[in-house]
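See structure below.
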Amino acid sequence: MPTLEKTFELKQRGSTVRQEIIAGLTTFLAMVYSVIVVPNMLGAAGFPAESVFIATCLVAGLGSILIGLWANAPMAIGCAISLTAFTAFSLVIGQKVAIPVALGAVFLMGVVFTLISTTGIRAWILRNLPSNIAHGAGIGIGLFLLLIAANGVGLVVSNQAGLPVKLGDFTSFPVMMSLIGLALIIGLEKMKIKGGILWVIIAITIVGLIFDPNVKFGGEIFKMPTFGENSLFLQLDFMGALQPAILPVVFALVMTAVFDATGTIRAVAGQADLLDKDGQIINGGKALTSDSISSLFSGLFGTAPAAVYIESAAGTAAGGKTGITAIVVGVLFLLMLFFQPLAFLVPGYATAPALMYVGLLMLSNVSKLDFDDFVGAMSGLICAVFIVLTANIVTGIMLGFAALVIGRIVSGDIKRLNVGTVIIAIVLVAFYAGGWAI
């Protein structure tokens with residue numbers, strides 16, 4: 001296949017078509033759980049699950065094919081679990097934002113992220129958004145995911161007196177299945193079993209079919225994809241997303257995307273040996289832009305923001321070095337469109353372990369905090385803690401920025417403050433002080 005070898009630089013990167021196909025299948029198995037988890041999470045917020053399933057498959061399929069063809073990168077794109085949680089539980093449920101407005105915010109985030117990925121604005125933002133705050137946001141979102149998953153199965157429930165939450169019914173079937181599932185995922189991932197998360201979801205679903213009367217198989221396996229009567233396709237309210245109260249949400253989405261995408265893409269590129277002599281990502285600009293364009297797809301199709309999946313590392317570990325890996329992933333997600341009935345068979349307690357596991361992985365950001373910079377590290381932890389305590393990502397980020405600026409001034413370390421950081425902090429605090437934040 002000389003054309004493929006030349007187009008995707010197979011020989012130059014030390015790979016083969018067969019190796020790339022195996023890598024693509026490996027990545028797909030590692031992240032296909034998203035087409036089950038994302039509709040379940042957004043469905044809890046009132047999104048029509050059938051429409052979200054199709055949109056999620058389309059975003060993952062088209063986004064992965066785009067980054068494979070354009071950036072020649074072995075990275076797969078899908079709806080980010082952390083941003084799905086933010087969209088569903090913080091934005092729509094917690095802050096009562098209408099679903100079309102939420103989709104408008106997702107689309108606007110995609111527009112802004114695309115612009116900053118193709119101009120010098122991204123470099124300015126990266127210079128002025130402290131890494132400790134970014135890592136703190138990652139920790140907070142991880143804790144938020146853990147809380148959402150634990151609450152969803154009844155492990156943690158609201159408390160009528162005293163502290164806000166308490167232990168639920170520990171012996172209930174959903175709780176026991178979730179905890180067993182989490183332990184299984186951790187064990188399988190330790191053993192580097194490909195598709196471990198998916199296999200656990202399937203196993204718990206089968207157990208549910210046998211022992212849980214609420215889980216029923218309708219007899220269908222294949223179904224022609226249709227958005228359904230309650231389709232969210234092109235239902236975004238872009239003008240609604242431009243309201244002052246919604247703009248902090250867009251900022252939070254953009255900030256998370258900037259740091260998460262850059263960190264994930266760099267990590268995967270490093271594993272695939274796709275860094276140049278200066279340590280920069282080969283075709284990094286195209287990869288980041290592909291990532292941001294995929295969030296435009298999300299807003300248009302009606303699902304959560306997109307991002308490069310860290311599970312792409314499973315494929316690069318299997319030998320993926322070119323865009324063929326990503327294209328294989330994209331094609332497989334498009335084929336998933338025809339297996340919709342199987343996705344809706346999965347109970348919430350089967351996907352909860354996956355959410356808990358992703359949340360635990362995000363807590364690894366603690367190791368990235370620079371504790372030699374005491375004020376910065378504490379500001380990052382303030383950001384993390386208040387994201388979960390307020391169930392609001394933007395609030396945590398605002399408090400983190402405010403603590404950083406005030407802490408620098410009080411400690412006499414004002415020289416470490418960038419003008420841009422101060423501007424961002426003032427804008428965020430003003431949004432809250434003015435009552436415009438949601």
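Cβ coordinates are placed from backbone N, Cα and C, and glycine is handled just like the others.
Worth saying up front: this structure is predicted, and the values here are computed from it rather than measured.
Features of the protein shown, as given by Swiss-Prot:
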type	residues	note
TRANSMEM	21-41	transmembrane segment
TRANSMEM	51-71	transmembrane segment
TRANSMEM	97-117	transmembrane segment
TRANSMEM	137-157	transmembrane segment
TRANSMEM	167-187	transmembrane segment
TRANSMEM	195-215	transmembrane segment
TRANSMEM	238-258	transmembrane segment
TRANSMEM	296-316	transmembrane segment
BINDING	G315, T316, A317, A318, G319, G320, K321, T322	ATP binding site
TRANSMEM	326-346	transmembrane segment
TRANSMEM	347-367	transmembrane segment
TRANSMEM	386-406	transmembrane segment
TRANSMEM	418-438	transmembrane segment
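Features per Swiss-Prot, on structure.
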residue	record	Cβ within 10 Å
G315	ATP binding site	33
T316	ATP binding site	24
G319	ATP binding site	18
G320	ATP binding site	34
K321	ATP binding site	26
T322	ATP binding site	28
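Annotation: stretch 347-367 has the most Cβ pairs under 8 Å to the transmembrane segment (137-157), among 21-41, 195-215, 347-367. Sequence-distant residue pairs (6 or more apart) of the transmembrane segment (51-71) and the transmembrane segment (326-346) include at least 3 whose Cβ atoms are under 8 Å, placing the two stretches in contact. The highest tally of CB pairs under 8 A with the transmembrane segment (296-316), across 97-117, 167-187, 195-215, 238-258, 347-367, is held by 97-117. Two recorded stretches are said to be in contact when at least 3 C-beta pairs lie under 8 angstroms, sequence spacing 6 or more; the transmembrane segment (167-187) and the transmembrane segment (195-215) meet this definition. Most Cβ pairs under 8 Å to the transmembrane segment (386-406), among the stretches 21-41, 97-117, 238-258, 326-346, 347-367, belong to 238-258. Stretch with the largest number of CB pairs closer than 8 A to the transmembrane segment (326-346), among 21-41, 97-117, 195-215, 238-258: 21-41. Stretch with the largest number of CB pairs closer than 8 A to the transmembrane segment (238-258), among 21-41, 97-117, 195-215, 347-367: 97-117. Contact counts against the transmembrane segment (21-41), taken as Cβ pairs under 8 Å, peak for 195-215 among the stretches 97-117, 195-215, 347-367.
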